[in-house]
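Peer 1: According to TrEMBL, the protein has these features:
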- 41-50: compositional bias 'Low complexity' (COMPBIAS)
- 41-65: region 'Disordered' (REGION)
- 92-371: domain 'Protein kinase' (DOMAIN)
- 121: ATP binding site (BINDING)
- 366-387: transmembrane segment (TRANSMEM)
- 394-412: transmembrane segment (TRANSMEM)
- 418-441: transmembrane segment (TRANSMEM)
- 453-473: transmembrane segment (TRANSMEM)
- 527-548: transmembrane segment (TRANSMEM)
- 585-606: transmembrane segment (TRANSMEM)
- 626-644: transmembrane segment (TRANSMEM)
- 656-676: transmembrane segment (TRANSMEM)
- 682-702: transmembrane segment (TRANSMEM)
- 714-736: transmembrane segment (TRANSMEM)
- 742-765: transmembrane segment (TRANSMEM)
């Protein structure tokens, strides 16, 4: 018992007893400052001055605690009961019973100190057992939890017979509220309550605390509609790494299937499953899985979600409990058929709360795979030049890379853990980077002065692929395709979560949702990957045919002269060749690369964050409408590159570059000024896509033209572009997280201005380089202006 008392001597807010002398001194000071009418009667002070009251005689005898207060008008005497104070049972008056459980009874009460209503949770103490561990756990956790959506523990009273926890009083719980609504709650109120529940739960999870008993009865609501998490008797502080816990937690109706099957290793998803069940109950007015036994509960879960198999839930067939129940083979049902009142976003949220990703990983973990792909894309762009020493090695690398992409796309649906997915995405990124560098190099070397036209064609098909790929996948991305798996949702919402996580962005006042990672997966998204893998197969076949016609394959009897000759494409990068070159040669590579660093960075960051910007204040567009912005942007890029193909025959790359760079900067400026205009956001997105579409191919053709089409600059420029696309996205995400959504357009304006400034520097350097080649080094600035402007 001493240990028990010492447990409660921890710093629980306002649990210490206020000394009587200290309390008396405070009252004296208040009385001196104010008149006697301002002395609060609610403090439990009784008048000692004789009065006509029939109760006066009871207080005639002087008390050692009597206090005399003097006033210019009259004299009054007050006494304070020594029994009143925090930590004392006499401080609270019981008004009625609210409920009774196995270990405790809850009463409605009133504090004599504050006159506020309180909830008194009396926990019966058995002498042979002492205080229940649930009470000790509840107090030790609640003393450190201070949040608007978590019930407040005001006081602790310990006697020999019971332990009383004094909580703030709330009028009802969520179950009572739902019953009062006739089991048909307004969807607006459903959203409000879910927001508060997730916010409070996020606060707990960020402090590594699992509630483990979420249900409507444990969610209390006051008269203002504020929802608070209560009853932390089963809560546990989650250790790292995860310990083995008891599976006898969570009320049966809200217990996830892995725990029902005896799992004792779990984390925050155990609470998220309960949140999903509560969302379903609020939207439909009935429990989601109202089973009376564990077997019946699992039967209800599998009948809706589908019976798991070894392919969808590895190891499930070895589970003894699962085998003993002999469940029928149910097929997954569409959630929308059971919760018709939920819109698309509501179904997405419900699926995310109940389900898991096919890799059995959270959406935040899956983001690692996308970062791995982006990083390896940059690495592939850099190393691609080393595979381009000859036509044979270039075409061989193209064949291998394109074939690897088809293989990896076919393999991704078979990934069953995060490591496999990260590896697959990294290999894909590496192959894409090599293809990007080699394809640009080959076009530059093959067509030289005409390369600008063919580079426009190449990048038009890149943009077209980026536009059409989501359309290929869209039929397979229904909100209910992934059952007991992380719903793929629509591409815009998924990418928003991925970008926010990649940039460490946390939406304010929104719970950081962790997906449940145990259960069944039924998804059609695999077909999208297999279709794209099949569509990509003709590419390596076509390259093999080209190599055969050029007699570059080992099976060819007599190899013909190479299309590009025997010259080493990286010959210009040998150290012996670099000696004696002017500084302008190196500055052309650097500044040209930096121009593409910012232009491709703008493309990547705009694609990644324009949706986030559009749905946030002050724009606040509907989610579906904001989702069109990315498609509009890529459609404009594709149209711009298509239009640049005939323009490249008549207009020099330098003139297209000047026009496009000025257009990008002006468009970013207008988007920044008209940040509140949703109509211009779409117009500006379209203009930005049109202007920035041909910057990359024109810059590549312009730089290689200055260097006699040796292919030296292509690897450098492609590498800089990949690096900008990766780094600027991270930078923009961090800035948005710190300074808000308005900074998104400000970042774009800064990047546009920096890109234009660097482009002017490229013009200056190339003029010096031409002067060097002509044998002069003097630069007439007026001549420079006349030539280009």
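Glycine is no exception: its Cβ is also placed from the backbone N, Cα and C atoms.
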Peer 1: So which of 394-412, 626-644, 714-736 is most in touch with the transmembrane segment (527-548), counting Cβ pairs under 8 Å?
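Peer 2: Maximum Cβ contact count belongs to 394-412.
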Peer 1: Hey, what's the Cβ neighbour count for residue 121 (ATP binding site) at 10 Å?
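Peer 2: Its Cβ shell of radius 10 Å holds 25 other Cβ atoms.
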Peer 1: Checking distant contacts: for the transmembrane segment (656-676), what same-chain residues at least six beyond its ends satisfy Cβ-Cβ under 8 A?
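Peer 2: For the transmembrane segment (656-676), the far contacts come to 599, 602, 618-619, 644, 647-648, 684, 687-688, 690-695, 698-699, 702, 742, 745-746, 748-749, 751-753, 755-756, 759, 788-789.
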Peer 1: Check the domain 'Protein kinase' (92-371) for me and report the mean pLDDT.
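Peer 2: A mean pLDDT of 81 is what the predicted model shows over the domain 'Protein kinase' (92-371).
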Peer 1: Sort out the residues at least 6 away from either end of the transmembrane segment (682-702), same chain, that have Cβ-Cβ distances under 8 Å to it, and list them.
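Peer 2: Same-chain contacts beyond the ends: 440, 444, 451-452, 455-456, 458-459, 463, 592, 595-596, 599-600, 602-603, 606, 610, 628-629, 632-641, 643-644, 648, 653-654, 656-657, 659-661, 663-664, 667-668, 670-671, 674, 713-714, 717-718, 721.
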Peer 1: What same-chain residues lie close to the transmembrane segment (585-606): Cβ under 8 Å, and 6 or more beyond its ends?
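Peer 2: Same-chain residues near the transmembrane segment (585-606) but 6 or more away: 633, 637, 664, 668, 685, 688, 692, 695-696, 699, 702-703, 706-707, 712-713, 716-717, 719-729, 731-732, 747-748, 751-752, 754-755, 758-759, 761-762, 765-766, 769.
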